[in-house]
Amino acid sequence: MSDYPSCALRLEQVARRYRSGDQELVVLDHADLELRPGEIVALVAPSGTGKSTLLHLAGLLEKPDEGRVWIGSHDAGGLSDTARTALRRDHLGFVYQFHHLLGEFSALENVVLPQMIAGRTRRQAEQHALTLLSAFGLQHRASHLPGMLSGGEQQRVAIARALANGPAVLLADEPTGNLDIHTAETVFSALLSAVRNQNVAALIATHNPDLAGRMDRQVTIREGQIVPA
């Protein structure tokens, strides 16, 4: 493994186990993974092999039983819950299969809110949100509520929201899994363009081999190890 300053995300000898009755299920067994700044990696693990667990560990939503998770030069091990939340807010972005937009807020407001939580003024946040929405071709939909948007538009707003605070790492779990083929292609192309333009490292789970093939490399989970796909 490389020294951490050169990595946007680093999982070092990470182990995660769960108990089911009297049995212990080993999901990750001292596994390693690193993403360099701007690197886009496809996670193509089948369902049930630990894909969600890996994303949760990388996103600081779960703690490993053993090993360390680094976000840039920050070691997440031993941090308080408050410090982990701040690290996640300031350095990570998340995109899910379902957009999880706040239905009572407009597209613009959904992208503004995380910025204001991070400390930007409303004016700064709105200007940046409009820039992001414009990059996704949504400037004319900024005032619309999520329910007034198409599925593809909703997901593009969700991606803009994930990138609003300038994360070092984007974690995406089947970001096009709920879309038809044509819309999925449009959304995925927009996602790739955005992360490349911002030099964001990305770990993107997908079952679509065509989309996976457009990323820099592919990994899977096999017998508790993260290995090339």
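Even glycines carry a Cβ here, placed using N, Cα and C.
These come from Swiss-Prot:
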DOMAIN    9-229  domain 'ABC transporter'
BINDING   ALA45, PRO46, SER47, GLY48, THR49, GLY50, LYS51, SER52  ATP binding site
Averaged over the whole of the domain 'ABC transporter' (9-229), what is the pLDDT? 93
Output field, ATP shell: CB within 8 Å of site CB centroid, site ALA45, PRO46, SER47, GLY48, THR49, GLY50, LYS51, SER52 dropped: ILE221
By the 10 Å Cβ-neighbour count, the most surrounded of the binding-site residues PRO46, GLY48, GLY50 is GLY50
Please report the number of other Cβ atoms within 10 Å of the Cβ of ALA45 (ATP binding site). 22
